[in-house]
Every structure is written in structure tokens, then in C-alpha cells.
Amino acid sequence: MVSQHVATNASPVKTISAGRKVNLICDVHTAVLAGETRLLLEESKAGGERSALRPATTKSRKMPAVSESTPLLRNPPVKPQPCSRSSFTRALSLVTVEPALFLEAVAYGVNENLLTNLTVDKLCSVHFNYDAETCSNLDAGNHTAQQDQVQRLASDYIMYNKWVEYVPALLTNLLLGSLGDARGRRLPVLLTFIGHLMMAACYLANTYWWRLPVSLICLSALPMGLFGGHVGISNAVNAYLSSSSESRSRTTSLSSVEWVKYAAHPLGVYASSLLYAHGGYVLAFSFYVLLLLASVLYVLLCVGEPPVPPGSTKLGMAAHIRSTFEVPVKIRRSGRRGMVMAAYTAVVMLWCFARETKVQFFLYERKVFGWQLQQYADWLVFSYLVKAAGLLLVVPACSYYLGVQDAMLGFIGGVSMMFFYTVFATAPEPWVLYIAAVLSLCSAVPVVTSRGAISKIVASNDLGATFAFLALLECLAVLLGTSLYTSIYNLTLDIFPGTLYLVMAGVGAVVCCIHV
């Protein structure tokens, strides 16, 4: 009986123990699921995915099976990150038309260094038919009458050369700007470079056949003018870079145009001096032609079209030319923005007006200090290097990194222009000209900041028309300037040859007032 009772009472004990065991297992399973749910909730909170664990979704979600091999954390597989490009590689990816511009600028340095000297030499030996002894010692002080005669006519021929280039450029720059808006920014760049190549070939012919009349040197500039001239090159490249750069980096991007020029010009000046010393004009101008041929090939093979801005439309040439002449109307209707744009346009015109006086630099230095070609080349190289340093250091540091406004940068550039021209005009000794070159550190800044500000004001699809209108005004400024400063130089040659550059210092003061 006792044993039977014990046996009877033992079975409930075993049943209760088994039930507790089952309950314990369920509790463990529930705890594991709760822990996993808590981990998932923490992960979802960290990733911002709160909607993944809403109550309705939790009820319908089938919980995964849990075993001893189940990992505590379910981390997603990590995707391998691509290797980041170096700064040098990113910089190379931004290079577009700059190498071609560099080659063209080196070629321009060759032309600038030798063209005035070539004109003087051919006037002396071919036009006036002076003997070799007089021509080789023209600046020694023993042939003052012959020197003044040659200098005045050389100044006139330089003016004629500018007229031949810039009169047709008035029309062709309108066509190039409209062509850029209608057919892309690359084609105007290519056409202007081809025009420069054709002009260089004509200059080479004038040096090879020495007895050709001096007037053909002026006619050699006609192909350049028919394809836009030097103003066309500058504005075509500026329109190209404006289309391919962001607004924040626009001023810095456009400053690269002037920086490349001022960095490349000294190379052209120095190389042309060496080549002229060893092989005369023919060797130097052959190098000139090869540089431009290489730049044309680079544009053809390596330069692509910049991205088309959103909302741009393809119009006909007539419509784009009409839009170019509508630019001043848009400026007038833009209120304060139009006034700002007009002010910056005036700065560009004044800067171009003053810039073209550099063709008289060599005549002035030969007259006042008796410099020869090598002395002039040394000073010109130093002057360009100073301007290149100013554009490389001042504009990017102030505009991009420090956020200095374009107006303040333009004012600093106007002050630099004033000091440069004043010291240059009144220099008592040749070494003072190097001090003047140092003072010109920021003299190229006004045109850079003005073009950058203009490109930020106008719409992207109006860049071509705006720069074409700007090129038209620049051509007018050069044509007016060449006539004016040629007359000033010839009239004051016997009195005070530096009068012209004091007038240009006044132009720098006007630039400062506009920015104020």
C-alpha cells in the first residue's frame, strides 16, 4: 500500500519536472529571440531604419530558427571600397584646353619678343635702305635722326598691324561666340588657333624672303583677324572653361588662362632669343610655326566638348548673332546686376586699352636706355614671371580659399597698374624697370576677376553671346587705344617718351575708382 502510494505520488512529480523543463526551454528560446530583437532594434536605430520594426511588421514576420551555431550578431557583408584617386590624378582629370593654350602662349612670346625688332630691322635696311653699319648701331646714340625716323614709322606700322588684325575680328568674334552657343565650345577654340598658325606662317615667309616690303608684315595679321584675333583666342578659351567649371571655382578657373599665358610667355621669349642668336629670324619663326601646329593638333585630338548646361537650346547662327546684340539690352533691364556687369565690362575694356601699350615697350627702352634685344628679353621674362606668380598665388588664395570678393581683388590690381606704369615712365636707370616689374605683381588681376564676375552673373546658355559681345568691345578698345597711344608716343618722343605710360597710370586709377 505504501509502495503503491509512493508509486502513485511519484508520477506527478515527474510530470511537473518535465513541464518545468519545457517551460524553461521556452523561456530560454524567448529570451534569445528577445535579445536578438533588441539587437536588431539597436541596429535599426543606428541606421535610421525605424520602420523595419513596427508592431504590425513584427507580428507578420517569421522569426528565424535559433540554434547553437546561430551567430549573435547578423552583420551584413562589407562591400570593398574603391580606392580613392590621388590629388594629382584628380588634377589631371580637370585638364582640358590648358596644354594647347600653353603652346599657343609660348608661341605668342616668340612673336612679342621678335616682331618689333623685325619691323625696325626691315624698316632700316629695306624701307630706308640704310647701310648695315647704321642699322646695327641705330641705338648707340650716334644716329639720333635716323633712330627717331625709324621709331616713328615703326610705331605707325605696329598700329597698322593692330588695325589689320582687329577690324575683321570685330565681326568674326560675333560669329565665333554664336558658333560656340550653337555648335559647341571646342570649334571656336580650334578656329582661332588655326588663324594664329596662318599668321605665323606669313611671318616666317617675311623673314625668309627678306627683301619683301615691310607692309606685308602688317598684312600677315589678316588671317589672325579673320579667325578672331588674340581677343578671340582669349574669349573662346574663357567660354570653354566657363562652361566646364562650377560657379565657386569660376574665378580661379579663369585665372588659370592668364596664369598659363604669363607662365608660358617667358619660355617663348627666352627660347626665341637663343634661336635668334644662333640662327636668326628664320630659325626663331620656324619654332613659332611648330608650336602653333602642335597646339592645333592637340585641340583636334585631345580636347572634347564640355557638358551641355541644362535648359540650353540649339539655335541658328542668325538667332545667336541677334542674341549677342541683345546683351546690352539685357544688361540695362537687369537693374543692379546689370550695373555691376556694365562696370566689370568697362574694367575689361580699360585693361585691354592699357595692355596694348606693351608693343611700345621695346621702342621706349631702345630710345631711353639703348637696350638691345637680349636686354629687353631678360626684362620681359622677369616681368612675365612676376605676373604669373601674382595670378598663381594671389587669385586662388584670395578668391577660392579666403572668399575675397572680386571687387576687392580688382581694386588691388588697379593699384598695381598705377604703380607699375608710373615707375616705368619715370625710371632714371635701367634697373628701376625691374622694380616696376615687381610692382606689376597684381596688374593682370582686374581682367581675371571681371571676366569671372561676368560669367557668374549671366546664364550658362548666354555665355557665348556675352563673351562675344565682350570681345567686340575689347576689339574697339584696342583699335581706339592703338591710334591714341601711337599719336602720344610719336608726339612726345623728343620731349618725354614716358608720357604714354603716365596716361596708362591714369587708366589704372580709373579701374580703382570703378571697383570702389
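Each Cβ is built from the backbone N, Cα and C atoms, and glycine gets one as well.
Note that TrEMBL annotation is computational and uncurated.
Source: prediction; values computed, not measured.
Annotated features, as they stand in TrEMBL:
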- 45-81: region 'Disordered' (REGION)
- 187-206: transmembrane segment (TRANSMEM)
- 212-241: transmembrane segment (TRANSMEM)
- 285-304: transmembrane segment (TRANSMEM)
- 338-356: transmembrane segment (TRANSMEM)
- 376-395: transmembrane segment (TRANSMEM)
- 407-425: transmembrane segment (TRANSMEM)
- 431-454: transmembrane segment (TRANSMEM)
- 466-489: transmembrane segment (TRANSMEM)
- 495-514: transmembrane segment (TRANSMEM)
Long-range environment of the transmembrane segment (376-395) - Cβ separation under 8 angstroms, sequence gap at least 6: 109, 112-113, 251-252, 255, 258-259, 262-263, 265-266, 269-270, 272-273, 361-362, 365-366, 409, 412, 416, 433-434, 437-438, 440-445, 448-449
Whether the transmembrane segment (495-514) meets the transmembrane segment (338-356): three or more C-beta pairs under 8 angstroms: yes
Region pair the transmembrane segment (338-356) / the transmembrane segment (431-454), three or more CB pairs under 8 Å: yes
Leading stretch by Cβ pairs under 8 Å, where the reference is the transmembrane segment (431-454) and the options are 187-206, 285-304, 407-425: 407-425
Sequence-remote partners of the transmembrane segment (407-425) [C-beta within less than 8 Å, at least six residues beyond its ends]: 344, 347, 351, 354, 390, 394-395, 398-399, 432-433, 435-437, 439-446, 448-450, 453, 498-502, 504-505, 507-512, 514-516
